[in-house]
Amino acid sequence: MLDGLKMEENFQSAIDTSASFSSLLGRAVSPKSVCEGCQRVILDRFLLRLNDSFWHEQCVQCASCKEPLETTCFYRDKKLYCKYDYEKLFAVKCGGCFEAIAPNEFVMRAQKSVYHLSCFCCCVCERQLQKGDEFVLKEGQLLCKGDYEKERELLSLVSPAASDSGKSDDEESLCKSAHGAGKGTAEEGKDHKRPKRPRTILTTQQRRAFKASFEVSSKPCRKVRETLAAETGLSVRVVQVWFQNQRAKMKKLARRQQQQQQDQQNTQRLSSAQTNGGGSAGMEGIMNPYTALPTPQQLLAIEQSVYSSDPFRQGLTPPQMPGDHMHPYGAEPLFHDLDSDDTSLSNLGDCFLATSEAGPLQSRVGNPIDHLYSMQNSYFTS
């Protein structure tokens, strides 16, 4: 009975001992680590620890040049880099020479761009800008105040429109150096002869690319200009100046064509006016020598005025009164030779026939032949 109890006690103590030992082992053994580089479980005897993450020895290498890292390394976006590649990829670069800027170098800042002291100069006259000088940051290039004003004057001469000669969408306003305190006075350098700007000569392919883009949009955005500059191998500034000159050229041609159309219209109007004026003047010259014929009312007035004193009707034989057959038309001795000579009748007839051709007015008033025959009949019947 005691032996059984001792065995049970020994068995129970053995179980407790094994449980406590397993608990100790569980605390001592750490969970398996995962490599930060390849995301695999680390089964190697030795490992490397970087920024609270575990790495295989073979995974600790530069992500750019694939060289193993032994002493120092740079960590960015869960990747490792050597010093050279890290500075090449992520270090601050100069806005002028696009080279990395060392941490111990002095710099000049213009808005978001950083420059070496030697690179902080005007791109036209290459004069180094000092503290307090006024300048313009245009298309990532620095322009001093004098060269900027000259460029605007040239653009205004080429293109008088305010839209072309004004600032572009990405052109910054006139500003001062970031390190300047107060408004400084820039050196004008009027006596100094500045070197002339090099003239850019476009090739056929570059000109075709520019014209194709100009047909799509005469005023492209900044991204399109940067794309054209990358395709043609030119600077963005050259691309912008070409588009400005092309817009000015098209406007000049449009104004010239409009002026020609106006001149042509004015010439046509003048010619038509001269034609109409000459025709009317010619007709007036033709009609002026001829007087207008009298109207029937005027003819009737003439009849009444001429024969208002005649008591007899027109074309009828006057009444035969005693002693009046010799002078039926008044007391005037118009036919005093009728009895002396018979041939005088024929002469009188010829005279009246000659006078009958005077015109339509006399024929309408009365024919003297009728009066002559009536007088002759009355003479022979009496």
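Even glycines carry a Cβ here, placed using N, Cα and C.
Broken down with DSSP, the DNA-binding region (195-254) shows 43 helix, 0 strand, 17 coil. Per Swiss-Prot, the feature DNA-binding region maps to 195-254; the stated evidence is sequence analysis.
Residues annotated as compositional bias 'Low complexity' in Swiss-Prot: 256-269.
If you look up Swiss-Prot, you'll see 33-92 marked as domain 'LIM zinc-binding 1', on the strength of sequence analysis. Here the domain 'LIM zinc-binding 1' (33-92) has, by DSSP, the following mix of helix, strand and coil residues: 8 helix, 17 strand, 35 coil.
Taken from Swiss-Prot, the feature domain 'LIM zinc-binding 2' applies to 92-154, supported by sequence analysis.
Sequence annotations record features per position, and here Swiss-Prot assigns region 'Disordered' to 161-208 (among others).
Residues or ranges marked as region 'Disordered' in Swiss-Prot: 252-285 (among others).
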